[in-house]
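Peer 1: Sharing a structure with you now.
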Amino acid sequence: MGITLPSHDRLPRAPCTPTSSARTMPETPHPRTILRGHKAQVHALAFVGNNDRLASGDAEGYVALWDLTIMRPTAVWQPHDNAILGIQGWGADRIITHGRDHKLAVWKLATSDEANLSKKLPLDDTSEPRPQPWLLHLIDVNTMNFCAFAACVPTDPPPAGDDPELLLAVPNTLASESIDIYHLPTQTRRHTVKSPGQNGMVMALALVPQGDSLTLLAGYENGVTTAMHLSAASGTWNTTYRTQPHSQPVLSLDVSPDGLSFVTSSADAVVARHPVPPPAGMEVLEQPLKVVNTKHSGQQSLRFRDDGRVFATGGWDAMVRVYSGKTMKEVAVLKWHEVGCYAVAFASALKAPQAAGGVEERDGTVVRRAGEVSVRERRIAHAEAAHWLAAGSKDGKISLWDIF
């Protein structure tokens with residue numbers, strides 16, 4: 001029997017309490033909400049908009065956009081015929097999806113467009129069509145690697161009024177150990193970067209703008225992690241860092257918000273921090289900054305929060321682990337799912353919530369008009385101010401935590 005109404009569980013909030021070393025979760029934290037809507041594994045998560053929307057992608061190619069002010073879906077469609085590998089917001093009204101059907105798509109989806117889209121979740125047994133948003137770009141890519149795309153804004157943005165630009169890194173179409181870098185909106189391939197050595201397939205990627213140039217970070221099947229820098233003068237790619245802290249394939253990597261280091265996780269139990277070498281470096285660095293044996297193998301979807309204070313991983317053991325961004329010490333273990341967690345995402349901790357209604361400005365000072373803030377406005381303000389951490393699991397459910 002199909003599910004006709006999307007359900008979510010409102011669970012008691014566990015307040016965050018400080019300790020002498022870091023503000024950590026209490027001993028038995030609980031998720032604020034469980035979002036139930038996918039019948040297949042949740043493989044990708046991303047907060048979009050002003051923290052009030054969460055995009056989730058599953059193993060059957062469905063994407064659900066959740067309105068976190070009411071904890072309900074506001075748009076559901078199937079952008080791909082196979083599993084979703086990655087999702088990312090781009091600007092105020094664009095969402096990028098990357099599927100195992102060898103396609104990377106960019107969709108225009110403003111809040112005003114949501115009314116025209118289906119709200120029937122993948123769990124719903126329905127014959128109603130699920131219209132797709134407006135498709136802006138579609139690129140044929142290689143997805144044999146299970147490696148999600150990476151993206152960054154070019155260091156030389158276009159003039160005001162022109163279409164926004166973006167660089168995308170994906171595994172090479174023919175050689176799964178090499179990397180292609182595409183440009184949007186032209187959809188042209190700008191670079192093909194070869195692997196420095198026999199490292200097997202590319203498993204995880206990141207792009208880091210540095211001055212007027214670019215650094216490409218990659219994790220490989222054999223546990224090797226590299227940094228390769230594009231010379232602005234010659235247009236060639238040079239390896240600036242190479243190390244092998246992992247004995248198993250790299251599963252994920254993410255760059256610290258200051259752009260000075262990045263952290264990798266693997267099928268082994270190691271979490272390692274690496275330098276992002278400066279562009280002017282003359283030698284190939286080989287030593288990671290820190291290597292931690294966490295004793296917990298299979299941590300993936302490693303993500304920093306944008307204030308750099310913490311990063312999190314999803315574990316094959318169903319645990320979500322939160323680490324200090326500074327010391328790399330484990331500061332919280334979030335347990336709710338019964339099976340492996342494949343995706344995690346942080347909402348922005350730096351975005352200022354938009355002003356709620358019922359306010360006015362007097363002599364340069366914002367003053368609230370008593371009694372004029374609606375329930376919806378309070379919900380919006382809470383959704384935008386919450387320090388959300390979302391975790392997606394093999395069970396198709398998404399746990400939503402409000403952490404320090």
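Even glycines carry a Cβ here, placed using N, Cα and C.
The region 'Disordered' annotation in Swiss-Prot covers 1-31. Marked as repeat 'WD 1' by Swiss-Prot: 37-76. Summarising the annotation, Swiss-Prot assigns repeat 'WD 2' to 79-117. Marked as repeat 'WD 3' by Swiss-Prot: 197-238. Per Swiss-Prot, repeat 'WD 4' is recorded for 245-286. Look at Swiss-Prot and you will find 294-333 tagged as repeat 'WD 5'. Annotated repeat 'WD 6' per Swiss-Prot: 370-404, in sequence order.
Show me how these features fit into the structure around them.
Peer 2: Predicted-model confidence for the repeat 'WD 1' (37-76) is 96, expressed as mean pLDDT.
Within the chain, the repeat 'WD 2' (79-117) has long-range Cβ neighbours (under 8 A, six or more residues past its boundaries) at 40-41, 43-49, 55-63, 65, 130-143, 146-149, 151, 164, 166, 168, 170, 184.
Through the fold, the repeat 'WD 3' (197-238) approaches residues 144-156, 167, 169-171, 176-179, 181, 191, 244-255, 259, 262, 264, 266, 268, 272, 274-279, 281, 285, 288 of its own chain, all at least 6 residues removed from its boundaries and within a Cβ separation under 8 Å.
Here the repeat 'WD 4' (245-286) has long-range neighbours at 200, 203-206, 208-211, 213, 215, 217, 219-225, 227, 229, 239, 292-308, 311, 313, 323, 325, 328, meaning same-chain residues at least 6 beyond its ends whose C-beta is under 8 angstroms from one of its own.
Beyond the repeat 'WD 5' (294-333), the same-chain residues lying 6 or more positions past its ends with a Cβ under 8 Å from any Cβ of the stretch are 21-22, 24-25, 29, 45, 248, 251-258, 263-271, 273, 339-346, 348-350, 387, 389, 391-393, 399, 401, 403-404.
Sorting each residue of the repeat 'WD 6' (370-404) by its DSSP state yields 11 helix, 12 strand, 12 coil.
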Peer 1: Taking helix as H, G and I and strand as E and B in DSSP, count the residues of the repeat 'WD 4' (245-286) in helix, strand and coil.
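Peer 2: Breakdown, helix to coil: 0 helix, 19 strand, 23 coil.
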